[in-house]
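Heads up: the structure comes next, in structure tokens.
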Amino acid sequence: MANSGQKVVLITGCSSGIGLRIAVTLAKDEKKRYHVIATMRDLKKKDKLLEAAGDTYGKTLMLLPLDVCSDESVKQCINNVKDRHIDILINNAGVGLLGPVESISIEEMKRVFETNFFGVVRMIKEVMPDMKKRRSGHIVVMSSVMGLQGVVFNDVYTASKFAMEGFCESMAVQLMKFNIRLSMIEPGPVHTEFETKMMEDVAKMEYPGVDADTVRYFKDVYLPSSIDIFEAMGQTPEDIAKCTKKVIESNSPRFRNLTNSLYTPIVALKYADETGGLSVNTFYNLLFNFGPLMHITMSILKCLTCSCLRRRTVSPN
């Protein structure tokens with residue numbers, strides 16, 4: 001139970017990665033300003049979180065089961081919070097999907113949207129009425145730079161993030177009238193066990209039904225380039241957790257928060273040309289015409305750029 005003066009923070013998707021680090025970072029706040037409710041679909045996967053949380057468990061951190069794909073689970077989780085009072089909701093739960101779109105079934109696509117988009121919508125719908133009554137609250141959504149700029153072979157994942165960005169941009173206007181803030185956290189590549197395993201798995205797949213050229217472009221062109229970018233520009237879950245903490249502690253939190261300054265020029269390409277040709281042609285040339293040069297550039301960037309810049313997070317204030 002939260003102590004007087006503590007803000008109640010509910011976080012989705014805390015069994016590993018970014019969600020785990022955000023939960024632990026807030027639970028270990030030196031001033032003990034937060035009562036963290038860390039949630040996950042399967043509480044059997046709680047061991048990593050409890051190990052990282054240490055003695056904060058049972059004090060500034062508690063666990064609740066939550067499946068963001070289930071209306072009943074979402075309602076039951078919020079009902080288990082005292083007075084349904086949540087000051088800060090952090091929507092972190094998400095799934096990825098990578099590969100040639102011809103090889104991806106419609107059911108797989110729906111599963112991505114069920115978590116990445118409708119899961120967020122369910123959570124916001126459940127906490128928003130109480131926040132409106134109190135005229136206070138902060139909703140944080142873990143988006144992605146891919147919610148701003150499309151990335152080849154990430155078509156479905158990108159679409160789910162674009163949908164979430166549009167939904168939240170619309171909601172933010174209404175929520176301001178009720179003194180409720182909505183903030184998007186937009187990381188680029190992040191080093192997590194999930195990302196590593198996904199990259200390894202897709203490299204081994206055969207992709208029946210996809211033409212040979214597309215499979216070759218995916219395996220021999222896209223994947224090596226993606227690995228180069230991850231190694232040169234990737235952040236850690238700790239970096240994203242620190243950024244999120246800064247956002248929720250800001251007196252005037254921004255709506256959009258890119259966590260990696262190296263991605264600002266990439267996103268800017270899209271808005272520099274209203275026809276869209278500049279960004280599309282740039283990414284095409286980088287991937288298919290200047291692949292070797294891009295590899296060399298990423299290798300130099302990895303060597304020359306200090307970790308403090310590569311992992312630089314936003315400073316809302």
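For all residues, glycine too, the Cβ spot is worked out from N, Cα and C.
Unlike curated records, TrEMBL annotations are generated automatically.
TrEMBL has this to say about the protein:
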- TYR157: active site, proton acceptor (ACT_SITE)
- 13-41, ASP67, LYS161: NADP(+) binding site (BINDING)
- SER144: substrate binding site (BINDING)
- 7-193: domain 'Ketoreductase' (DOMAIN)
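The 10 Å shell around the Cβ of THR25 (NADP(+) binding site) contains 19 further Cβ atoms across the protein chains shown.
Taking each Cβ in turn and tallying the other Cβ atoms within 10 Å, the top scorer among the binding-site residues GLY13, GLY17 is GLY13.
For GLY13 (NADP(+) binding site) paired with TYR157 (active site, proton acceptor), the C-alpha to C-alpha distance reads 17 Å. Distance from the CA of the residue listed as 'substrate binding site' to the CA of GLY17 (NADP(+) binding site) is 15 Å. Other Cβ atoms within 10 Å of the Cβ of the residue listed as 'substrate binding site' number 27 in total over all chains. Within 10 Å of the Cβ of ARG21 (NADP(+) binding site) there are 24 other Cβ atoms, across all protein chains. Each of the binding-site residues ARG33, ARG41 was assessed for Cβ neighbours inside 10 Å, and the highest tally belongs to ARG41. Separating the Cα atoms of ASP29 (NADP(+) binding site) and TYR157 (active site, proton acceptor) is a whole-number distance of 33 Å. Residue pair SER144 (substrate binding site) / TYR157 (active site, proton acceptor) shows a Cα separation of 10 Å. For the recorded positions shown (ASP29, ILE37, TYR157), fewest C-beta neighbours within 10 angstroms: ASP29.
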